[in-house]
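Right, one structure below, let's go through it.
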10 protein chains.
Amino acid sequence: MEKREAGELANQLRLKIGLTWEDLASAISRPPVWTAAAILGFHPIPADQARAVAELLGLEDDAVTAMQRQPYRTADDSLRSDPTIYRFYELLQVYGPAIKELIHEEFGDGIMSAINCNVELGRVAHPDGDRVRVTIEGKFLAYQW
Amino acid sequence: MEKREAGELANQLRLKIGLTWEDLASAISRPPVWTAAAILGFHPIPADQARAVAELLGLEDDAVTAMQRQPYRTADDSLRSDPTIYRFYELLQVYGPAIKELIHEEFGDGIMSAINCNVELGRVAHPDGDRVRVTIEGKFLAYQW
Amino acid sequence: MEKREAGELANQLRLKIGLTWEDLASAISRPPVWTAAAILGFHPIPADQARAVAELLGLEDDAVTAMQRQPYRTADDSLRSDPTIYRFYELLQVYGPAIKELIHEEFGDGIMSAINCNVELGRVAHPDGDRVRVTIEGKFLAYQW
Amino acid sequence: MEKREAGELANQLRLKIGLTWEDLASAISRPPVWTAAAILGFHPIPADQARAVAELLGLEDDAVTAMQRQPYRTADDSLRSDPTIYRFYELLQVYGPAIKELIHEEFGDGIMSAINCNVELGRVAHPDGDRVRVTIEGKFLAYQW
Amino acid sequence: MEKREAGELANQLRLKIGLTWEDLASAISRPPVWTAAAILGFHPIPADQARAVAELLGLEDDAVTAMQRQPYRTADDSLRSDPTIYRFYELLQVYGPAIKELIHEEFGDGIMSAINCNVELGRVAHPDGDRVRVTIEGKFLAYQW
Amino acid sequence: MEKREAGELANQLRLKIGLTWEDLASAISRPPVWTAAAILGFHPIPADQARAVAELLGLEDDAVTAMQRQPYRTADDSLRSDPTIYRFYELLQVYGPAIKELIHEEFGDGIMSAINCNVELGRVAHPDGDRVRVTIEGKFLAYQW
Amino acid sequence: MEKREAGELANQLRLKIGLTWEDLASAISRPPVWTAAAILGFHPIPADQARAVAELLGLEDDAVTAMQRQPYRTADDSLRSDPTIYRFYELLQVYGPAIKELIHEEFGDGIMSAINCNVELGRVAHPDGDRVRVTIEGKFLAYQW
Amino acid sequence: MEKREAGELANQLRLKIGLTWEDLASAISRPPVWTAAAILGFHPIPADQARAVAELLGLEDDAVTAMQRQPYRTADDSLRSDPTIYRFYELLQVYGPAIKELIHEEFGDGIMSAINCNVELGRVAHPDGDRVRVTIEGKFLAYQW
Amino acid sequence: MEKREAGELANQLRLKIGLTWEDLASAISRPPVWTAAAILGFHPIPADQARAVAELLGLEDDAVTAMQRQPYRTADDSLRSDPTIYRFYELLQVYGPAIKELIHEEFGDGIMSAINCNVELGRVAHPDGDRVRVTIEGKFLAYQW
Amino acid sequence: MEKREAGELANQLRLKIGLTWEDLASAISRPPVWTAAAILGFHPIPADQARAVAELLGLEDDAVTAMQRQPYRTADDSLRSDPTIYRFYELLQVYGPAIKELIHEEFGDGIMSAINCNVELGRVAHPDGDRVRVTIEGKFLAYQW
């Protein structure tokens, strides 16, 4: 079983059983975005946590093995046009150069790491309609020879 | 003069004079990410603020007109591979499906608006090296017929 | 069963039984364009309506589950060249910039929402041959920080 | 002078003078979407109307000639990602197959013409925020050997 | 069974039985190019004719149903590079602009319909080697608002 | 001066003077499609005919030289989406495989030459509206080792 | 069975049995490059030769039928990057324009046929290491109306 | 002056003066394909030979410098569709896998070098029409760790 | 069984058994990068070594045959975006032109062979965190006619 | 003046004057690969070193400013097909997955940094012909939340 198949299967069982991603995240004591990404196939899941997820969802052993495997975290461009995901690409299109300018202004020549990095999703109440808040925090890495 | 040319010119003058984006943002009382994006050509700048920017940077009248014009906010795919910008695309590649799952879990069927939305960039001190924090906050829009 | 497979199956049964999309739309009290899009896999269908569709068409339980699931509304570029669909892309090619100009002239800087939006299809009688009328109506969203 | 250059020039002069597309449309007694599309370079403009536009905007003779020329109405894919235009592509992505189904159900095998066709843009007042309405009406053409 | 699968199956049986496309075309009283295109999956075939084809070739009922279905006439770009097909693309590359010029010169602003249109293939004897003749005839449609 | 620039210039002068492609074709005793293609830059024009064209249109010597030069007859994909040209691509999409089948049925394994080939455009009167007729005739070339 | 599947199967059996392409070519009295191309699916193989190949390799009847069928000789771009094949694309990249210049200089306006054409592969002994020699020979076809 | 500009200029002067590529090749004692490729910008030309070419064609010093420079031998995909060049790509499409099979059968695992390699173009008289012969000869390089 | 399938299977068994690539490399006395590449399907593996690998991992005979087969070493672009692999593409993007300049400065006109070449991976201890070292060493090949 | 223009100008002057990249590198006490990359436009060059380079090459002030500017290090895909550069892409195609496997085996889940990284080029004498050696050394970064 491939890692992403295991993720798709886990997701179907999760919906059937009626567990939220938050429930799974609590069960393995990991943040929700990491948990969802890892189960969907984008991170290797440590053995104990893979087994815990499997028990909650009723997954077989080969899914446990698949969840532990080192993934290829490759781009699936076919997902990019999904409206919920696309809006984030549009934000990079509109604000990407501004973000680059401000990173260099504040930190100098370098990048925000996408490896030593975490992502959080929250809800912000607002009278005109609640807002989604996504916070990304990654280590600054200077270009260094 | 095209809007993005005006932005490139403004940026060169900004560096020559030694003004930061933060300086420009304060001068027109707008947030730094908005200010940088707008001057680089991604937003129409209200007349007063366009003139204030022009005065600070020594820009001519046609640049003031260009800064006020309604832009095409089109994608410039050639910028995507710049390492500082690319890391954000990589994050969407790795965490995009997880973010989609959690938005739907928390808010139901819909999207985070990229129009009614703001972006902020900050520095977080950390013993292992300071961190870049990007906060995106947009109104949730439910699919609604 | 994947959501779009369920849609393809539903469509085949619909033709076999001899029901129109209008029939299905009436049966679940939803507009025809929404109904066709949703059954083909582009919207989650509320449980009651999914069961009603399933009963009419003789679909199994896993199709009912699939119809309720949150979809990826991704682009299927292979459909774009179908002549019936392509004509709409050609219209955007020819009239897209004009529509953009007039939206900004009338409403200011912003977009017509594709989320809070509805689409209707009708027939207009005409001596030289009847005409197809497509009406799209979406909420204006101003760029707002 | 190329046709689209003439259009860009006309647009800049229009903004400088402070004329709306509606003003230009009235002046030549043509609908606004047609007028904007034609001036931007997507239709040949009859001689009288080209001269009328030129007089209003102060355009030279070569622009008048360019406006009359038969255009290449080719796709400019770089515009597609502009958020105001993109939402219409997203609508085709989500509703294209449904529209195709309903055209065939109502009219049989064929297409809505994009040649014998008109497009209108309007504003619909709404308590939750005004709405953009786009109406497309084209002759149905049956596949006919 | 999908429409194009039915076409592939029909074609294999046709070869096995030893029937030409001309034979099939005569049997259903339709022109050969239409007949081949329709059986290969590019047109819906009326019920009587679908049954006649099926009887000649020994096709099952689900193929008859598939042949009647409304097709997606989408582009299969992988076929384009086949040398026999490619030569026609090369002709458009070399003569497309000339054809456009002459259509506009003779008919004014508009297109040759690809919907109300027929295509015929013939052989022209020639001392240096026989020639293929392809005749395309489609209704002129004027751009009309 | 590049060959296609010379073609663009010739075309502008042709329109200014009020000559049709037919006029130019008669003047050099060549068929209209060949004449338009050659002047637009897709064929080398023999010296006498290049000079005759230049005299009629008032072209300079370097344009005469450019018209005689051996061209690169490369594809300009940006023209493909022009509606007048696109309809021919759509025809290949819909009828290409049928044409291939019938060429092989009639002539065996091989192709219709796009080099030893001619193209003619005509008008066919029709009560429902006149029709465009395009006739392509090329030598059959058998695959031959 | 598809033609290229038959070719893949034939190739596997060929290796298992220990026959070279040269052996197969001799057995059917055809040149090696033609033989390999034809068996891999790029030419229809005459019935006698298809049966001879099948007998040598132990192929079933449906493979014999597949080998006789008229192929789509379409491009498989995924093969292009194989280093052994890629070097030939690189040669066209570096020497293509030079070859074009010299063909026109020697033969005038036209092409080397890829249909009436043959290809041969040989070994040339050389003190610094043996050399691969590929000889392509095709009929010159003049552009002819 | 860029290397390929120098090549284009050299080619125009060559035609004006009436020199063939063969003439230039003899003048610098290099094979014709190498000479044409090098002058068009695909090889650095040794100083003496660059000066000899410049003298024959009347080129200025900066062209001499440009001809000596180390080139980027990058692909210009826009040339690929030129019919004279395209036929060679089509040959690789049809015979590439066969050539690969036969190289490995004859030489083992490795490639024909495109660096230590030469290309020759000739004319072969033939009663049905003369033939173009292209001979490519490159050193075999074994995969070697 | 295809070569890359055999590689995927071998890799799964390797993980299950708990053998490292280093273990496999030692067992067949080949360098680790070569061993991993070969087993994953990028090199033909000599019969003895293929059997040794199969014995260690418990692979069947058809996998042994697959491992010995001559591969297509084609690009799998879908892997390119994996972050671990992507960083090497980014290095070529940033340092490719510099490497080209220095190869030509040191060796003259030519290339580093990717065929007669080896790659080694090592760990370099460093107080700020250990470093990955990749060493590539390939024969210089001069452009030679 | 744009950063890459300044690099192209610097390179032309460097060749004219007869300085090697090694000379420039020594003059500013930086490694050769870094120096070439930086001057060609891929790194900001500190003010002192930019001035030192400018003095050696006779560059004007605006080039000094351009060399100091923060670059967009975007991919220039048109360079990828240059044979000297392409061989490195081919190596990633063949050895990329093996390198990924071995990095994870040795270091765990993470990447080799392309930011905190250096590249060195050397010559290795060899009886069969000297070899190019490229050494890449980058910090290992573990995936870390």
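Backbone N, Cα and C atoms are what each Cβ position is placed from, and that goes for glycine too.
Classification of H:ARG87 (active site) by DSSP places it within a helix. Here TrEMBL flags H:ARG87 (among others) as active site.
If you look up TrEMBL, you'll see H:GLU90 (among others) marked as active site.
Residues annotated as active site in TrEMBL: H:SER113 (among others). Taking a C-beta cut-off of under 8 angstroms and a sequence separation of 6 or more, H:SER113 (active site) has the following same-chain neighbours: H:GLY138, H:LYS139, H:PHE140, H:LEU141.
According to TrEMBL, the domain 'Cyanate lyase C-terminal' annotation covers H:74-145. Model confidence over the domain 'Cyanate lyase C-terminal' (H:74-145) is summarised by a mean pLDDT of 97.
Cβ neighbour count for H:ARG87 (active site) (all protein chains, 10 Å cutoff from its Cβ): 22.
H:GLU90 (active site) is surrounded by 19 other CB atoms, counting those within 10 A of its CB over all protein chains shown.
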